[in-house]
Amino acid sequence: MDKQSTFQDPKEKHRIQRDVKLSRPRKRFSFLDYVVVIFLTVVAFCVRAQRLMNPAKVVFEELRYYNYAVDYVNNKLLMDVYPPLGKLLFSLVAALTGNKYELNTLDEPGQQYPFTDVAYSMRLFTCLLGSLLVPLMYGTVYFPTKSKTAASLAALFVIFDNGLITMSRYIMIEIPALYFMSLTAFYWSVYEAQQKRPFSLRWHTSLLSTGVALGLALSTKLSAMFTFGWLLILAAFHLWNLLGDLSVPMYRIVKHLFSYIFYLIGVPITVYLAVFAVHSHIAYKASVADAFLPPEHRHALAGNRFDDQFADVAYGSLVTIRNAIPEHGYLHSSELLYPEGTEQQIISLVDEPNQNALWIIEHEHSQDNNRSNIELLKDGSVVRLRHVMTGRALHSHEHKPIVSNNDWQLEASAYGGFGFEGDANDLFRIQILEKKSKHATSNGTVETLNTKFRLIHVFANCELMSSHRRFPDWGDYQREVTCCRNCVERSTTWFIESNYHDGLPSDSRKITYRKPGFLESFVEHNKLMWLKDRKMGDGHVYESSALTWPLLLGPLRFFYEQHLQVFFMGNPFVWYSVISLVAFFVIVQIFCLARWNLGYNDFGPSAFHYNYNIGKFVVAWLLHWAPYILETDRVFLYHYLPALYFGIAALGVSWSFLGNAVFGNRTAYKALSVIIMALMFLVYRLYSPFTYMTTLTKSSCRALELKGSWNFHCNTYLDNLSDYKFSSDAGETYFEKAAPHPFVYSEDTAKKSEGDTPLNKNLNDYYPSWDQRVEAGYKLAAQQKAEQEAREAAEKAASEAAERSSSEAAASSSSESVAAASVEAERLAMEADEFNGASETVDGASVEAERSAMEAAALNNAAESTEVVGSSPESVASEQEENVAESAQARVE
């Protein structure tokens, strides 16, 4: 009786029917399914394609991908941090709709598209891929739920999300990448529907299709690695369940394991390699992007000719020296001087070799600089690098560099000139790096192209280094070179690219760059992608933290013109529904886990089925969102779209579960579904002016700023809709530029110094002029030395003449003193005669006469002594006074 009543219970009967329905494998869509899918896809396309060329100008990162497509059409190499498939697809559209010889790259965002039919076709292609997300979402939800209502609801969420619509309207790589990720999820859902029939043809084809789709996703954008990780987790979960099923023999588990390895690892890698093979076949011509490639890869491109070079490097060789980091370029100098500090000649790096990148290797002792005596460079050789065009030597000293200005770095400069041998601060020691010199000979000598070495300053013990900084305008924005202590080896590694020595026999061994194979080029390209992805520029005004994405805290403005704007803005109803579901699912899992620990089992077959399928999409949401939390540079709101897609899939499966487990009345369930669809459509319409760049009033715009972090720049719009009809003001054009790209040169870096003329292929052409300048320099130095010696001799003669003139002046002064003393003596003698004749004053006169006579005698003696020995004026005067006194005394007597 109880058993019969149980089967008559409507809820229990519905549960049993549901479990049977979910366990039955679904072979194909029904006719009604196809009708629904086609209808929804057409609606999605119409929603995305309206006003597609509004604006008909370059928007945000369209510039990058449009130019990439043009480069592919012209068979030029391009470098990007993303794999090539998405750009190849854009180039295919451009090639089919445009003239190869008329397509040119564009300069900046906001620029008018020269050929609107090409741009329209490329945007239409993105629009088509965005529309195809709808049938993929429908199938992804339908296969695990068998619910048309839930699948349709999820598809409508994709159709009317403003963010997905916006990204589907522009030439950007996000939608192609998302399309292949969603294709991977779709085929995995098809595969899981075949679990009851393992190793059948449909089982193999669905798993193979999953691997192919995953390979295409990885070939479009590396963020598909998150999808790859998600599939590995699901495959491991399936294997774990098989291990727990004792009815499954071990050989079948091993077959499952090898099937997963082949289809989910081997097939994607094969597809990835195939895409790069197509890329290498199409992009075979040289371009500005090849500066980032290692030299052997760069010179393998058409248009980059490189002549054979002498293998042996000797003193007297004329060389160009290149840093091991490809984009850092060639050691260079010119007439530019540091504006402060030592004010010596600047040492820098340039992207392309030119005459100012030529150096001649001199011996540390000038008397050994004889090119006819060939002495090869080896490990430990001490050299002086002389700049060919200016004659100055590479130099370093205890001065901090102006730009880097670090204590562990010293300034590198060029010092001296032709005819100046230089000083000890010009000397550098060569240290060969054996591990990096893979293809060099093992005889310990320096070999062109193959030997990697350091240049170590002999006295400062610092290493010549390529800096990551650039000079400002006074240094023509060239890359700085310093001499550093304890720095990164890669920045201090150099090699000689061009080498010529007129003393070497013409039949001497010569070498050139070897041509790398496909796998080597593949590895190098991917290594550059991974490395450069870590150096994506200086950020952007609209980059945001991934923690804010699920709550849609900040819209991203793409474009503004004539009081109209384009924003990347998601549908708040869709985005908040997704994050609410994720939060609710986590809470339910915690609650069920707590009950399970208490001995309760809340998971029957149906509940477990839904819990697994909701959980797998929540895990996908987490894997496609959480890694961006660790990123701090160049992360934008639209990077959340893959996570949003999987969140919508989880939402669709959850809605099916609610319909089966909660709503006993199917009519109420479907009515509520219609209400949700209507609310979603209403919110889409409210924010559509930001999607399609249509008119909006200031007041309506402000009403849409529901959160404090939303800023729609509402003052951009006019006060009334009628004002747009009469407004002749075109307004200011505004566009957001993408952040600087690591594989794109800025305009500043393209500047060249004066004298940076192209380098002749035959370096021997520079030897005659070099020898002439050296000879002229030494002649000038000898002439300057002779002139200096003549100046020194003249100065010495002038000094001696000045001394003689001073002595003669002193003697003349002494003669005048003697004459004055004689006059005084005669006067005293006359006075003495007068005293002699006066009898009444004889005694007093005698005393005075004696004194006067003594003074006169002293003066006379001094005068005689001065004439004989040339005494000083003071002594002469004293002796003269004594002589005069003696004479006067004699006369008195």
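Backbone N, Cα and C atoms are what each Cβ position is placed from, and that goes for glycine too.
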Here are some residues: T166, T210, T390, T451. Which is flagged as phosphothreonine in Swiss-Prot?
T451
Rounded distance in angstrom between the Cα atoms of N370 (N-linked glycosylation site) and N443 (N-linked glycosylation site):
24
Going along the chain, which residues at least six beyond the ends of the transmembrane segment (643-663) come within the CB cut-off of under 8 Å?
14, 18, 133, 137, 140-141, 144-145, 147, 149-151, 153-154, 157-158, 161, 163-164, 178, 181-182, 185, 549, 570, 574-575, 577-579, 581-582, 585, 606-607, 610, 613-614, 617-618, 620-622, 624-625, 669, 672-673
Quickly jot the same-chain residues contacting the transmembrane segment (573-593) by Cβ under 8 Å, restricted to those at least six beyond its ends, or write none.
157, 160-161, 163, 550-552, 602-603, 614-615, 618, 621, 644, 647-648, 650-651, 654, 679-680, 683
Select the range from 29-49, 77-97, 258-278, 671-691 that forms the most Cβ-Cβ pairs under 8 Å with the transmembrane segment (170-190).
77-97
Of N443, T451, N665, which is closest to N720 (N-linked glycosylation site) if I measure between C-alpha atoms? They're all recorded positions.
N665
Chain residues in Cβ proximity to the transmembrane segment (77-97) (below 8 Å; excluding those fewer than six residues from its ends, i.e. six or more beyond):
64-66, 68-71, 103, 117-118, 121-122, 125, 171, 173, 176-177, 216, 218-222, 272, 275-276, 278-279, 282-287, 289-290, 292-293, 301, 525, 528-529, 532-533, 536, 741-743
Take the C-beta pairs under 8 A between the transmembrane segment (258-278) and each of 29-49, 147-167, 224-244, 671-691. Which stretch has the highest count?
224-244
Top stretch among 29-49, 147-167, 224-244 for CB pairs under 8 A with the transmembrane segment (671-691)?
147-167
